[in-house]
Amino acid sequence: MTARVLVVDDLEPNVKLLEARLRAEYFEVLTALSGQEAIDIAVEQQPDIILLDVMMPGLDGFQTCEMLKAHDDTWHIPVVMVTALDQQADRVAGLQAGADDFLTKPVQDIALFARVKSLTRFKQMTDELRHRHAAGAAMGVLSKADLAGGDEEQATILAVTDRGRVAALDQGSEHLPKHMNVVYEEDARMALEAIRRGEPDLVFIDLGMESYDPLRLCSAIRAFDNSRLAPLLAIAEQEQTRQLIRALDLGVSDYIMAPVDAQELAARVRTQVRRMRSIEKLRASFDQTMELAIIDQLTGLYNRRFLANQGSRLIEEAKASGDDLHCLMIDIDHFKLVNDTYGHEAGDDVLKEVSSRLTHSVRGSDLACRTGGEEFAVLMPRTPRASAKEIADRVLSAVSAEGVHLADGQRLDVTVSIGMASLSEGDSLASILKKADEALYRSKENGRNQITEVAA
Ligand code: GH3
Ligand code: MG
């Protein structure tokens, strides 16, 4: 995995040093010697991740971080604060300024690449979701709030270790929000099952475990869809750097070195949980936006926009494969009379009921849409004429067979008129809809409650 990293430090030798190490691992590197320069470059060049020194003249690292996180063009770029060793207060201030992670000087390779890779993975995931969001919805612009800070309360942490309780973990949990509780599991197989069931929100893996290969556990967790994204934190002893590097290659999200600093542990747990929650939030908000963008809210059918996109695709596919495709245009008869006689609400109820009967009359592979007030279109891919006619008959009788019950108990007879057209060579979505529409008007002229076909 590669990424574009912006290195920010007022001391040029520091910049050069990090730059060389990142380049050696095939990262692309941008550099800045001040906070302001960092902001300008970030806005213009959109790096994937920013390594930001804390102690700088002018804008210091915290101020720079705050400004990056407040700027519309840079708020989504992960920031790693580079702090002097033993500056515990700096770490807390960094996280408060909105930093996504921190590294302590002198920066060790393993820590550097672990943080950079993990944040790059996170950014790729959120970028993908942000792009889908933007593409899928002209409405519903994604706000900063959708990404920033998922809810980090209420998390279950599973610690997999066969060496008894980890003192630092117990101490660390004192620094965690109240609703994060740590559960221990000695049996790696049991742990794996719980993880695959999606039970823990975060997993600690003790790399010193003896009853089961901890690396095998990491890869087994990552091999399953359900647990592919679960935050995994490795706990490693100083002499376990080789295993740790393997674990990071296998997709461990982060690690903590023994002797574990309880506050650091708490900060890392919170960061991981927050990241996971923000991805979940982004997904949910994406699904919701998509649904609003493509579903007609009154009837639950697809809307005109979806027909325009998806319909064109179906037409192109049918033309490429040579399969039959048929189109129905359906319009409720004398619908204005329903509104005028029984009121708009009764009209809405009729629309919902007709839509529901339509949905039940067509097949899952057919695309049924509400194209306008009381007008519907159905595209039926891979459907020969005889089957299309059968489906049109089914729609006609499903609507007329039984009256629609209004909220006040009255029963209303409702019928529809239908136009049917088949796809011919030169057709586009617009032209097949037009043909079906013309056929529909013939059904209206000829007395309604009937189907008119136009041949290809
Ligand atoms: P025809 O048989 O020729 O189709 O006659 P019609 O009365 O169905 O057609 P017309 O186009 O004259 O009237 C359609 C009516 O549908 C007019 C409009 O007020 C009503 N309408 C459109 N959208 C909605 C809606 O969402 N809810 C309700 N209740 N009525 C709607
Ligand atoms: Mg009508």
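Residue 1 is the first one shown; counting continues down the chain.
Backbone N, Cα and C atoms are what each Cβ position is placed from, and that goes for glycine too.
Just so you know, TrEMBL annotations never went through curation; they're auto-generated.
Copied over from TrEMBL, here are the features:
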type    : residues : note
DOMAIN  : 4-120    : domain 'Response regulatory'
DOMAIN  : 156-273  : domain 'Response regulatory'
DOMAIN  : 323-456  : domain 'GGDEF'
MOD_RES : D53      : 4-aspartylphosphate
MOD_RES : D206     : 4-aspartylphosphate
Taking D53, D206 as the modified residues to compare, which has the smallest set of other Cβ atoms within 10 Å?
D206
Tally of residues which DSSP labels helix, strand or coil - the domain 'Response regulatory' (4-120):
55 helix, 26 strand, 36 coil
What does DSSP give as the helix, strand and coil breakdown of the domain 'Response regulatory' (156-273)?
53 helix, 25 strand, 40 coil
Mean pLDDT for the domain 'Response regulatory' (4-120), rounded to an integer?
90
Give me the CA-CA distance between D206 (4-aspartylphosphate) and D53 (4-aspartylphosphate), in Å, as a whole number.
31
